[in-house]
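Enquirer: Provided herewith is a single structure, encoded as structure tokens, for subsequent inquiry.
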Amino acid sequence: MSAQDKIIKASHLITMDDIIREGNPTLRKEASEVSLPLSDEDIILGEKMMQFLKHSQDPVMAEKLGLRGGVGLAAPQLDISKRIIAVLVPNMEDSEGNPPKEAYSLQEIMYNPKIVAHSVQEAALADGEGCLSVDRLVEGYVVRHSRVTVDYYDKKGDKHRIKLKGYNAIVVQHEIDHINGIMFYDRINSQNPFAIKEGMLIIE
């Protein structure tokens, strides 16, 4: 049974056991585009990936299933070499503890996502990046574009173009790297991990 056949079973919930770790060759492959119109199997896979992210951000479900919190997941992390990503970025409470008007600033399953334009300005998260496929702490600035324009298809096969900046842009770039066989630490300066290039935006 393939990894995808197992994951798309109605009764299956994605857990950390389904996520492959660094060193697995699938994480270093350029993933294949999915064909359109999408197969039921690829639609279900995307929905399962989004379900995993929601579970990982729910304290009760995360504890029950033993999940690490995540804001993005790419199909290659499930040992499925396809160009499918899911991103789920929650909005935070305001300074007075009030819940946000919208629960998420970005919630999307993207098929064949592609960066079609990007800013000259670079950016990195102040606290660095982590990855569900990496079980160790890797410190340093992960240098990315501060703004990106991304084309992708949704599960209906409709094409979309979105412009992203800041944290959302970083998350989507991290996941698109996965479908291109790139790990986040490839983008850290190995000689000086906390080097700041001129004009680089540090996102707190």
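Including glycine, each Cβ sits where the backbone N, Cα and C put it.
From Swiss-Prot, here are the annotated features:
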type: ACT_SITE; residues: E175; note: active site
type: BINDING; residues: C131, H174, H178; note: Fe cation binding site
Enquirer: With an 8 Å cut-off on Cβ distance to the C131, H174, H178 Cβ center, who else from the chain surrounds the Fe cation site?
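Expert: Apart from the listed residues, the neighbours are G72, A74, Q77, E129, L132, S133, E175, D177, M183, F184.
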Enquirer: Sorted by position, what residues of the same chain at least six away from E175 (active site) have a C-beta under 8 A from it?
Expert: G72, L73, A74, I85, A86, V87, M110, P113
Enquirer: How many neighbouring Cβ atoms, not counting its own, are there within 10 Å of the Cβ of C131 (Fe cation binding site)?
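Expert: So the Cβ neighbour count for C131 (Fe cation binding site) comes to 23.
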Enquirer: Among all protein chains shown, how many Cβ atoms are found within 10 Å of the Cβ of H174 (Fe cation binding site), not counting that one?
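Expert: Total other Cβ atoms inside 10 Å, all chains included: 24.
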Enquirer: Specify the secondary structure state of H178 (Fe cation binding site) as given by DSSP, simplified to three classes.
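Expert: SS state of H178 (Fe cation binding site) = helix.
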Enquirer: Just to confirm: which same-chain residues, 6+ apart in sequence, have a Cβ under 8 Å from the Cβ of H178 (Fe cation binding site)?
Expert: L27, A31, A74, P76, Q77, I85
